[in-house]
Every structure is written in C-alpha cells, then in structure tokens.
Amino acid sequence: MLHTIGILIWIIIKIIVIVVPLLISVAYLTYAERKVIGYIQVRIGPNRVGLKGLLQPFADLLKLITKEIIVPTRSNKYLFVIAPLFALVPSLVGWAVIPFQEGVVLANINAGVLYLFAMSSLGVYGVLIAGWASNSKYAMFGALRSTAQTVSYEIAMGFALVGVLLAAGSMNLTDIVNSQKGGMLHWWFIPLLPLFLVFWISGIAETNRAPFDLAEGESEIVAGFHVEYSGIGFALFFLSEYASMILISTVLAILFMGGWLSPFEGITFLDQIFFIVPGFVWLLLKISFFLFVYLWVRATFPRYRYDQLMRLGWKVLIPVTIVWLIVTAVMVVAHVKPWF
C-alpha cells in the first residue's frame with residue numbers, strides 16, 4: 001500500500017515538474033512573439049510592465065481571469081463551457097511520453113510516436129465543439145475550416161512519421177533519439193529532408209498558425225471558432241495553441257534533430273569543449289530554434305486562401321511524402337551509410 005502511494009506521489013511530482021515549466025514557457029512565448037514580431041516590424045513591443053516588459057504575460061493573465069465569461073443566449077451552454085478543455089488537454093497530455101534526456105521521461109512507452117500522433121489529432125474536437133456550440137456562423141465556419149485542415153495535413157504528417165519509424169526501426173522516442181548518435185551528420189533530417197520539411201509545415205498547419213490560420217481568419221470571419229469566447233475560455237484556447245506549438249517543436253527536435261544529443265559528437269576538439277553542456281540544454285536550444293521560426297513565419301507570410309491550403313496539403317505534401325517513403329525504404333534495404 002505504502003509502495004503504491006509512493007509511486008503515485010512520484011508520478012504527481014513528475015507531472016508538476018513538466019506542467020509548471022510548460023505553462024511558464026507558454027506565458028513567455030506570448031511575450032517573445034510580441035517582441036520578435038515587433039522587432040521585425042521595427043516596433044518596440046511590450047515594455048511597460050516590469051523590466052523590459054517581462055511581467056506582461058502575468059498582466060495579460062490577470063486581465064483574462066478577471067473578465068466576465070459571457071455565454072451566448074442560444075448556445076449549447078454545457079458544450080460551450082467544456083470545449084476549451086477539449087482543446088487544451090491533448091496539448092498537455094502529449095508531454096507524458098516526451099524524453100527530455102536519457103531516462104528523464106514520465107512514461108517511456110514503446111508506442112510513443114503513435115500516442116503523440118493520437119493526442120495531436122484530438123485537439124480538433126475542442127475547436128469543432130466550440131464552433132458548433134457557439135451558435136454563430138463565424139464560429140461554425142472557423143470550426144469546419146479547422147477540421148478540414150487538420151484532416152488534410154495529418155495524412156502528410158502521418159506519412160512523415162512512418163519515414164522516421166522506417167529509419168529508426170522503433171516507435172519508442174528514446175530509441176529514435178539514440179538511433180541518431182554520432183553527431184549532426186547522423187541526424188535524420190539529412191536523409192529524410194523532404195519528410196522533415198513536410199512534418200514541419202504540417203505542424204504549423206496543425207496548430208492553426210499563420211500562414212495557415214484559416215480557422216481564425218481575423219480579416220474574414222472575425223476570430224473564427226473562438227469569436228464568442230471571453231475571459232478564461234479564450235485564455236484556455238490561447239494556452240492550447242501555444243502549448244501545441246511547443247509540443248510540435250519538441251517532437252521535431254526529437255524525431256529529426258537528435259533530441260538531447262550534442263551536434264558535436266564525433267568532432268573531438270569540439271566535443272571536449274561542449275561535453276559539460278547537459279542534454280536537456282541542447283533540446284531546449286533546438287526547441288527555441290523551431291519556435292523562433294514559428295514566429296518568423298507569422299510575421300513574414302500572408303494567409304493562404306482556403307483553396308491554396310487544400311491544394312498544398314493534398315497535391316504537394318502527400319505525394320512528396322509517399323515518394324520519399326519509397327526512397328527511404330530503398331535506403332534502409334541498401335544500408336546507405338552513415339545512417340542505415
């Protein structure tokens with residue numbers, strides 16, 4: 001009995017250790033986004049609350065918490081209230097299988113990739129329920145767009161994952177990272193470059209970020225699926241979007257960029273200099289790079305038209321992944337060095 005209680009307490013501690021830094025990261029990702037986009041647009045960005053505006057995320061949180069929650073008169077009130085949780089929970093529970101370093105993982109399951117793919121697919125239900133329950137044409141349009149977009153890009157994303165599974169020979173995320181040992185030239189992003197790019201683009205579309213933010217489409221359908229939300233409901237949708245961004249960036253780093261592995265493995269003089277850097281620091285640096293590109297893309301590219309979005313998913317990304325899956329299978333059978 002005491003042993004079981006001890007295990008439960010340990011699991012709860014690990015969950016807290018993962019979730020609390022994640023929520024803080026989400027808060028400061030919003031700050032980083034406003035600063036980066038401000039710099040790109042030759043503006044200052046938030047700089048009033050705290051030193052250099054560093055307390056701005058907490059001011060935003062306080063504002064959203066204290067706002068009134070308005071439930072539309074003819075909406076389905078029960079579904080309207082719980083929809084943000086349907087969107088948020090999948091973006092948090094996906095972290096259960098993420099290895100931050102060798103052995104540092106909440107649940108080291110052998111089907112980690114499959115679990116992650118399943119969790120990333122569930123977020124769209126929150127968007128769809130929110131759009132339908134709001135009883136608003138703008139919200140419903142946004143929800144339908146998001147559903148079609150997710151279905152389209154998940155196929156390409158799934159095929160890209162199959163390429164990694166072929167190359168690494170495992171669905172365990174720790175094994176996938178360990179299969180990339182030997183330095184930067186052994187990472188999967190080199191032999192699987194088209195799949196890496198497809199997964200990256202699909203990840204941006206999956207999180208409804210610009211230039212694939214048709215589910216929100218401020219200039220077309222006001223704010224899309226969350227047009228009727230205010231206060232904490234809006235904050236939860238906001239939180240789920242940014243948590244999903246961090247999760248997709250982490251998965252990219254693990255599957256294609258060596259996870260916590262140093263890029264200087266095998267280069268003796270550099271390895272001797274950087275061997276003191278812990279593995280999770282390398283992982284954080286890679287995640288930060290992908291997040292910066294998320295922000296850079298938002299500030300740079302205009303929104304796609306809906307037909308362009310569908311055409312890109314079905315006529316470009318899916319054919320590319322199918323072709324490169326065949327190429328990957330040939331490389332695996334032929335044992336192309338140094339990767340296979």
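Backbone N, Cα and C define each Cβ position, glycine as well.
Residues or ranges marked as transmembrane segment in Swiss-Prot (evidence: sequence analysis): 4-24, 78-98, 113-133, 151-171, 184-204, 244-264, 273-293, 316-336.
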Ask   = Quick one: do the transmembrane segment (184-204) and the transmembrane segment (78-98) have at least 3 Cβ pairs under 8 Å, skipping pairs fewer than 6 apart in sequence?
value = no
Message = Using a cut-off of under 8 Å between C-beta atoms, tell me which stretch among 78-98, 113-133, 273-293, 316-336 contacts the transmembrane segment (151-171) the most.
response = 316-336
Remark   = Same-chain residues at least 6 beyond the ends of the transmembrane segment (316-336) with CB under 8 Å of its CB atoms are 153, 155-156, 159-160, 162-163, 166-167, 191-192, 194-195, 198, 201-202
